[in-house]
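Pulled from TrEMBL, these are the features on record:
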{"type": "REGION", "residues": "34-67", "note": "region 'Disordered'"}
{"type": "COMPBIAS", "residues": "34-46", "note": "compositional bias 'Basic and acidic residues'"}
{"type": "DOMAIN", "residues": "62-143", "note": "domain 'BCNT-C'"}
Amino acid sequence: KPQEKPKDPGKVTITKTFDFAGEEIKVTKEVDSNSKEAKSFLKQQEKLQSAAPASLPTVSGVKRPSGMSSLLGKIGAKKQKMSTLEKSKLDWETFKEEEGIVEELAIHNRGKDGYIERKAFLERVDHRQFEIERDIRLSRMKP
C-alpha cells in the first residue's frame with residue numbers, strides 16, 4: 001500500500017469585527033492552524049457554540065438566558081473598538097498586499113540603504129565621536 005503523507009496543517013481564517021468611527025470594520029487574517037492565535041480562536045468558537053444550547057426554553061415558552069451563556073453572548077456581541085493607529089496599520093498592510101510591494105519593501109529595508117541600518121550607523125558614529133572627545137578632555141585635565 002502507498003504510504004499516506006501527513007496532511008498539510010492548513011490555514012485557519014480568523015475574522016474579527018471592530019468598531020472604528022461608527023463604522024463596522026471586518027479584519028480577516030489567515031494563520032497556521034497550529035499557531036497560538038488559531039488555537040485560542042477555535043477554543044473561543046467552541047465556547048460560544050456550547051453556550052448557545054445552554055439556554056433552553058422555559059415551561060412558559062419564553063427563553064430565559066442562563067448566567068454564563070448570557071454573559072458570553074453580551075461579551076461576544078460587543079464589538080471591540082479600533083484605535084486610529086491600528087486602523088492605519090491595517091490600511092498600510094492592505095495597501096502593500098494590493099499593490100504587491102511586500103517583497104520589494106522587505107528587500108529594500110534589508111540592505112545598506114535601509115532606514116534602520118542608516119540610523120544604527122549614525123548612532124555608532126556619534127558614540128565613537130563622543131568617546132574621542134571624552135578622551136581628549138580627560139587627557140587635558142591635570143592630575
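Cβ atoms are placed via backbone N, Cα and C, with glycine included.
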Let's see if you can do this one: DSSP helix, strand and coil counts over the compositional bias 'Basic and acidic residues' (34-46), in that order. 11 helix, 0 strand, 2 coil
Give me the mean pLDDT over the domain 'BCNT-C' (62-143), rounded to a whole number. 82
